[in-house]
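Enquirer: Have a look at the structure that comes next, please.
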Amino acid sequence: MVKILPKVLANLLRKPFTVKYPYEKVEPADGYRGKPSITKEKCIRCWQCIRACPDRAISVDKETKTPVIWLGRCTFCGECAEACPTKAIVMTKNFEFLDQYEK
Amino acid sequence: MTMVVPIGPQHPALKEPEYFRFEVKGEEIVDVDIYFGYAHRGIEETLARRNYKHNIYLSERICGICNICHSTCYCQAVERVAGIEPPERAKYIRSLILELERIHSHMLWLAVAAHEIGFDTLFMLAMRDREHVMDMREIISGGRVHSATNTIGGVRRDVTPEQIPKLMEKLDKLEESVKYYINLFQTDRTIKSRCANVGVLTKEDAIKLCAVGPVARASGVKTDIRVEDPYAAYPNLSFEVITEDDGDVLAKGMVRLREMLESIKMSRQILRELPSGPLRVPVDLKIPPNEAVQRVEAPRGELLYYIRSNGTEMPERVRVRTPTYASAPSLKPMFVGGTVAEIPIVLWSLDVCFACNDRVTLVDAKTGKVSVVTMEELRRWRK
Ligand code: SF4
Ligand code: SF4
């Protein structure tokens, strides 16, 4: 009984390991593969990203004639960002989103 | 008079569907039948319909916990088929992420095992310390679970010199906590009374039933693919193959805990000795007809990939043999003679992963009938 008292006190005063998430954010590490983002102006319409995507998540937008990513299918592998010659697609650190498409 | 206790497909110990049929006499288990196939996803056929590069990401998704083993094994098999050799630095990075994966998988095992024996404080502690290794994986590969680091002919991401001190620091923290758990396993009364002499697999049975990985090593069989069929950077790394003699749940736990220490040691060695050089070599994906087999030591044991190419960008056949599939027969001697209360922890002592397992298991009409058979029918079947 006496032996556990110091442990109990230490545990009572210990800071919790978890954080209060929506109020307190944890920044992902550099190079995190979050939501891919497309800069339409940079795109040269070479369609390398469509060839590289393993999940066929990228298609062509009918109006703007630029790639559009269906995020429901995207697995955030980063192959499209690697394949894009002009860096029009980059992987962002954003992991909190509800969008269905990235245009 | 015996009674049949069906467990599953919604299993109390696992989050995956699998069907067990226990025949019990009072509290004692006399016989057990295992039916696989509820998580069949047809992945092998899908693998044969996509090109080599896209398949990397599909193979990673055969199992979430050991995704790097799957992608490494797949990439190495394709490299062997194509006759290319990845650069040294890529091999070291592969070994590093493979060892981190072993640590995280064993930590998860420890956490769930603690939960199964009703020791939820240990569950919380193990999950907390597992966070360190998840952070390391995030730093190296950019994703907490799926690494997407392996590619055919090397790796896609580098370990930069700035990352190394951070990784070393986390390894120190991990080592401290693993040492604490080992001490706990050796001294704690609760763990001993629930795990010692429970679910024993003898050395003879382990050899006879072809058990693999930590399950075999806990029964005193010295088997490790990292030594027997070296791949990646393992020929240059110094490590010990951990074995225990008892074959019970406690021994299986000890093997995993001590393996974590070895993995930490190996990760340090890799970070110190990381050779410089390119990360990947270019590959022509039109691979001429050839075939190859590749083995990798996954956290659960031996993982095997067989690939046959036919001159196109798609493989003709991919066969995957996962460790749980190889170890499943050894569940029977572990269960028989035990009590019903031991079922969850004995099952989990195998570190079963049914998502891995059910890729190819044939589900025939008979299996569909199983759920309605009477005891007489069951007995007839067994003959
Ligand atoms: S990140 Fe991967 S899955 Fe997502 S769109 Fe790009 S290539 Fe496709
Ligand atoms: S690879 Fe880049 S430049 Fe080419 S189509 Fe895709 S986004 Fe546009």
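These residue numbers are counts, starting from 1, taken along the chain as shown.
Cβ atoms are placed via backbone N, Cα and C, with glycine included.
Quick paste from TrEMBL:
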BINDING   B:GLU44, B:VAL320  Mg(2+) binding site
BINDING   B:CYS63, B:CYS66, B:CYS353  Ni(2+) binding site
BINDING   B:CYS66, B:CYS356  Fe cation binding site
DOMAIN    B:117-281  domain 'NADH-quinone oxidoreductase subunit D'
DOMAIN    B:284-359  domain 'NADH-quinone oxidoreductase subunit D'
Enquirer: From the DSSP assignment alone, can you count helix, strand and coil residues within the domain 'NADH-quinone oxidoreductase subunit D' (B:284-359)?
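Expert: When I sort the residues of the domain 'NADH-quinone oxidoreductase subunit D' (B:284-359) into the three classes, I find 27 helix, 26 strand, 23 coil.
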Enquirer: Could you check what DSSP calls B:CYS66 (Ni(2+) binding site) once collapsed to helix, strand or coil?
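Expert: The three-state answer is coil.
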Enquirer: Helix, strand or coil by DSSP: which one applies to B:GLU44 (Mg(2+) binding site)?
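Expert: In the DSSP reduction, B:GLU44 (Mg(2+) binding site) maps to helix.
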Enquirer: Measure from the Cβ of B:GLU44 (Mg(2+) binding site) and count the other Cβ atoms within 10 Å, all protein chains considered.
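Expert: Neighbour count, Cβ to Cβ under the 10 Å cut-off: 14.
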